[in-house]
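K.L.:
Handing you this structure, nothing more for now.
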Amino acid sequence: MGVNPQGDSFRRNLGRIFGTYTGGLVAFVILLAVLEQLGLPDSLIGYLFVAATFAVYAGIGIVARTVSLSDYYVAGRRVPAVYNGMATAADWISGASFVGMAGTLYVLGYDGLAFVVGWSGGFILVATLIAPYLRKLGAYTVPDFLGARFGGNIARLVGIIVLLACSFTYVVAQIYSTGLIASRFLGISFEFAVYVGLGGILFCSLFGGMRAVTWTQVAQYIVLIIAYMLPVLILSAQKYGFPIAQLTYGRALQEIAGREQEMVATGLASGEVLKSYIEPFTSLDRTNFFALIACLMIGTASLPHLLMRFFTTSSVRQTRRSVGWSLLFIALLYVTAPAYAAFAKLEVYQNVIGASLDALPEWIYTYGRLGLVDVCGISATTADAVRAACAEIPGHGGVLRLGDFSIDRDVVLIATPEIAGLPYVIAGLVAAGGLAASISTADGLLLAIANTLSHDVYYRMVDRKAPSSRRLVIARFLLLAAAAVAAWAASTRPADILSIVAWAFSLAAAGNFPALVLGIWWKRCTSAGAVAGMVAGFGVTLYYLVMTQYFGMPEWFGVNNISAAVFGLPVGFAVTIAVSLVTRKPSAETEALVDAMRRPSGDPVMGERSS
Amino acid sequence: MARRKSPKARGETAWWGRTRRLMIITLVLWAIAGFGLQAFVEPLDAITIAGFPLGYAAASHGALAAFVIIAFWFAARQERIDAEAGFAEPEDDTDELTEDQQTWA
């Protein structure tokens, strides 16, 4: 029989199928490396990489097409824990994280580890407080849970608004980074790249919904993790004779600290410009460091596109295990990102700062021409341009100082293959990995958006009697529409990509977390309480974000707006509890629903039959 | 309510108590790994292991490893609590087909 991604033979042979796929990927990289030595041009290697990986994803997307609602919304609830872990990791690791996380750590040093700790620790909250219970309930979406627990469409509607607010900005950022990666690596225009990326995204989700997205995400995780590991492992082996970069970069940290003192002593860096790389709380103060960790963790546990992944496992037990696997697969990337940052920092401190302007490394110009590296206030396009610009600075001695140099954070990752002197094929692999990270996250987000519109808005609120065939047509139409709007928005190049993504965490945390946690863990929580708490928490957070960002409102207690949820969360909890206590206690049916949701055994509470 | 509880309901209350206790213990461990370690970064940094200041490594390696271990430990503990209370799901659950699998159009 053929490979039917839901059939028994498919599930029995998962290890062999994905093992063969991984082997094929490695063979493909080796083949391209050989062709490169034989003279295949770089641009063609880049195109072949993207074409081959996109063809695999599209193939999976088409093979996994479905006409079943349960397959479309929750992959038939039969995904084994390990594979759901990989899919969740791909869903979670965004294009911006893949490309930009190393750069964030490069800029922030120790303080950047708040992102590492925050984006991983949230999964403990997912496992203990939320995901197993939502899985048992049998909801299709997060607003579906809110509608069932808080009986009625008001809670559902508020949940939909929160979901759209945090998912839409996030998906625009993903499509934007798809365009950015494709245009940088392949040299095609950004706008065109956005629509190429959109095509890849739609092939993964349009025909098979969650079922197709699950298996493409597994394939995408394998590409992205190999692409992320390989360059830095080779670099580590070159530098320290041992390939486990995650352990060797400690020596780089020591060398960085030594070089920092040297640069100050020789006048290459002034004490004010230079921030110690390993000393804590130089970029973020203590309050902001811990506030950021808290907001990222709680935001993680509240993001609908992530929680939705845990609806697809075959049991509550598998859901809990799959959170562990997700964390493991995500941790592999997060433990590697600081190694990239440290090696790049050392390269800059050793071979760029203090170098004569005539002897700057070639990668400076490669990325200077893309506008990503500035020297003496101009993009470092050529050695002559750099010399001319520096000559205009009074007292410049022709030796590059720390203050003369600035670098876009994305360069830290994408320049590493070149810094290590690796063949272009590795750069092509990194590009394919970055695209896999963007596409997998974009698909998860688009499904979250389209599914809530088709299931919660259309089916639950507009036409309760719609036959499943019509529900599937509507779901796909809405997916196309959401994707088109997001791609259009991305093509207008909206402002700073990382700050858009960061908003989503605080908005999700303040909007969803109190209602999710109290809805599961506190039977006395009432509909009115949950709705009021969501509106208040979300409202306060949005107010703080918008006012500090656009209207120059001073920060409250010096908290950066990336951590806006530290205000919204307590308000959300307080309002939910206070309003719950003054309204009538939930009905016996609601209490029975909560009991059934807590017990792992038994059928899902809201099966397709009962609706 | 409590007056009219059947033995089964009492078993459920005990099971939920154990579940809640495990949740609290897990979150305490989570808070130590996520926040507690980082609060002591300066004193920890005085120690260096393989080039890593210990406070730095606590965030870059330690917290990640701790979270992974906590997640699997929690899953195993909760499975035992469920099994002892008789609330565990059937063992062969990967191949169990749920009721809503076939709504073919």
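Heads up, residue numbers simply count up from 1 along the chain you see.
Even glycines carry a Cβ here, placed using N, Cα and C.
Note: TrEMBL annotation is automatic and uncurated.
OK, TrEMBL features for this one:
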type     : residues  : note
TRANSMEM : A:18-38   : transmembrane segment
TRANSMEM : A:44-64   : transmembrane segment
TRANSMEM : A:85-107  : transmembrane segment
TRANSMEM : A:113-134 : transmembrane segment
TRANSMEM : A:185-206 : transmembrane segment
TRANSMEM : A:218-237 : transmembrane segment
TRANSMEM : A:289-311 : transmembrane segment
TRANSMEM : A:323-343 : transmembrane segment
TRANSMEM : A:424-453 : transmembrane segment
TRANSMEM : A:473-491 : transmembrane segment
TRANSMEM : A:497-522 : transmembrane segment
TRANSMEM : A:529-550 : transmembrane segment
K.L.:
Could you pull out which residues elsewhere in the chain have a CB under 8 Å from any CB of the transmembrane segment (A:529-550), counting only those six or more residues past its ends?
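P.N.:
Here the qualifying positions are 146, 149-150, 154-155, 158-159, 161-162, 165, 499, 503, 506-507, 509-515, 518-519, 556, 561, 564-565, 567-569, 571-581, 583.
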K.L.:
Out of A:85-107, A:289-311, A:473-491, which stretch touches the transmembrane segment (A:113-134) the most, going by CB pairs under 8 Å?
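P.N.:
The stretch with the most close Cβ contacts to the transmembrane segment (A:113-134) is A:289-311.
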K.L.:
Do the transmembrane segment (A:424-453) and the transmembrane segment (A:185-206) come close, with at least three CB pairs under 8 A (pairs 6 or more apart in sequence)?
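P.N.:
Result for the transmembrane segment (A:424-453) with the transmembrane segment (A:185-206) is yes.
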K.L.:
Hey, which of A:185-206, A:218-237, A:289-311, A:323-343, A:473-491 has the most Cβ-Cβ pairs under 8 Å against the transmembrane segment (A:85-107)?
P.N.:
A:323-343
K.L.:
Cβ pairs under 8 Å with the transmembrane segment (A:473-491): which stretch of A:18-38, A:185-206, A:289-311 has the most?
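P.N.:
Ranking A:18-38, A:185-206, A:289-311 by Cβ pairs under 8 Å to the transmembrane segment (A:473-491) puts A:185-206 first.
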